[in-house]
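Report on the structure given below.
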Ligand SMILES: O=C(O)C1=C[C@@H](OP(=O)(O)O)[C@@H](O)[C@H](O)C1
Ligand SMILES: C=C(OP(=O)(O)O)C(=O)O
């Protein structure tokens with residue numbers, strides 16, 4: 001569980017060229033889903049390359065509490081002995097999902113149509129995040145939820161013993177909401193239909209098909225229509241988790257900003273519903289190439305090479321690209337500060353309800369380091385100062401948000417003076433090897449022990 005330890009202040013000092021190979025950890029979205037679907041299959045699922053960050057470890061613990069046998073064999077190799085769809089046992093303890101929105105929302109969906117109750121909680125960040133976006137559609141299955149005011153955790157979910165299938169149009173672009181409804185639909189008899197107007201990451205759809213569920217996806221005038229037939233017997237899988245593009249974003253952006261850099265990030269998942277940042281960076285003029293493009297375990301994968309890119313220009317990032325790069329806006333804003341001209345980022349209201357209000361958190365920290373930021377409810381813009389011209393020297397709050405902490409560490413690498421975050425502890429939720437990996441490439445990160 002994250003966010004309860006002693007804060008770890010950290011400074012990122014301007015550094016020389018970043019060079020070498022950055023083997024970033026496994027994809028967080030696919031790791032959560034491997035454990036949850038493995039727990040709902042009959043028999044043993046084998047997973048390699050699982051992300052062993054706090055968010056995913058909390059999901060592993062939760063799956064044990066619901067009755068699955070989850071074993072860590074070391075080196076990212078895990079097995080999950082599942083209990084079958086509808087087979088979850090009632091946990092005898094509160095399920096603590098730590099800092100993880102994905103963990104709590106997907107697990108709520110997975111247990112929502114089982115005849116059991118469970119109480120969920122999280123850290124100070126997760127307990128502020130909205131859960132009604134998930135419990136509203138789950139109510140259509142007959143599931144009940146009692147939480148704190150405003151639909152916040154801690155919250156008890158009473159599963160629906162006799163569920164009916166559901167047709168639900170997701171009102172916000174959210175793969176977590178879509179996935180929660182699909183996972184609940186697994187134990188409802190008949191066809192559950194989820195419609196999304198904007199495509200969001202489709203790992204649940206791909207993996208449900210891989211586990212043997214009957215699932216179809218159609219692009220229609222209404223949007224993407226996903227139809228799932230309930231009560232399948234899920235077949236255990238052998239899963240090789242690709243490396244996480246959202247984690248790759250940090251060494252990639254650091255390389256673009258640091259003179260002389262040349263960094264290779266091998267084996268990155270490049271599912272088009274996740275790759276929006278790399279499209280955006282190339283449009284800004286980044287020297288970013290895909291090498292050795294291939295398919296692994298049903299996901300497109302490539303090796304990414306990023307080189308120092310002194311001539312990047314600010315652009316208008318199209319709102320329709322937002323879902324495919326939603327977790328990457330914080331680090332994009334750091335690149336934007338080093339480009340010339342303004343970068344405008346619209347259609348990003350969802351950034352306000354992540355681990356922190358990410359527009360507010362980045363705007364404060366960028367301003368503290370000499371960068372001009374403007375913002376509205378659903379948009380923000382960053383005025384680029386040109387490469388190497390960010391003054392730096394400021395201290396930023398990370399607000400229990402791993403992506404905010406890592407983004408400010410990247411800001412420091414290309415600034416005139418070092419940049420400090422008050423707490424780098426949350427980085428362990430998604431990228432536990434961030435500090436040693438960046439140091440191997442040539443970054444100068446320093447823990448400031450109080
Ligand atoms: O489904 C997932 O694995 C995720 C979906 C996204 O959240 P939303 O569903 O809230 O957009 C993303 O921000 C999160 O990091 C992971
Ligand atoms: C938003 C994120 O995660 P979650 O919603 O799972 O907490 C993230 O990792 O950037």
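Backbone N, Cα and C atoms are what each Cβ position is placed from, and that goes for glycine too.
Automatic, uncurated: that is what TrEMBL annotation is.
Taken from TrEMBL, the feature active site, proton acceptor covers 327. For residue 327 (active site, proton acceptor), the same-chain residues lying six or more positions away in sequence with a CB closer than 8 A to its CB are 246, 354, 403.
Under a cutoff of 8 A between CB atoms, and with a sequence separation of 6+ in the same chain, the neighbours of residue 176 (phosphoenolpyruvate binding site) are 101, 102, 105, 106, 133, 134. What TrEMBL lists as phosphoenolpyruvate binding site is 28, 101, 129, 176, 358, 403.
Secondary structure from DSSP puts residue 176 (phosphoenolpyruvate binding site) in a helix. As annotated by TrEMBL, 3-phosphoshikimate binding site applies to 28, 29, 33, 174, 176, 327, 354.
Sequence annotations record features per position, and here TrEMBL assigns domain 'Enolpyruvate transferase' to 16-436.
The annotation region 'Disordered' is assigned in TrEMBL to 1-24. Within the chain carrying the region 'Disordered' (1-24), a Cβ under 8 angstroms from the stretch's Cβ atoms is held by residues 54-55, 58, 96, 98-99, 123-125, 243-244, 247-248, 250-251, 254-255, 258-268, 308, 392, 400, 405, 408-426, 428-429, 431, 435, 437-438, 440-448, 450, all 6 or more beyond its ends.
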When you measure from each Cβ to the nearest atom of ligand 2, which of the recorded positions 33, 101, 129, 174, 327, 358 fall under 6 angstroms?
101, 327
Expressed to the nearest Å, what is the distance separating residue 28 (phosphoenolpyruvate binding site) and residue 174 (3-phosphoshikimate binding site) at their Cα atoms?
16
Would you please pick out, from the binding-site residues 28, 33, 354, 358, 403, the one with the fewest other Cβ atoms within 10 Å of its Cβ?
354
Round to a whole number and give the Cα-to-Cα distance in Å for the pair residue 174 (3-phosphoshikimate binding site) and residue 358 (phosphoenolpyruvate binding site).
16
Going by DSSP assignments with H, G and I as helix and E and B as strand, what are the residue counts for the region 'Disordered' (1-24)?
0 helix, 7 strand, 17 coil
Could you please provide the mean pLDDT value for the domain 'Enolpyruvate transferase' (16-436)?
98
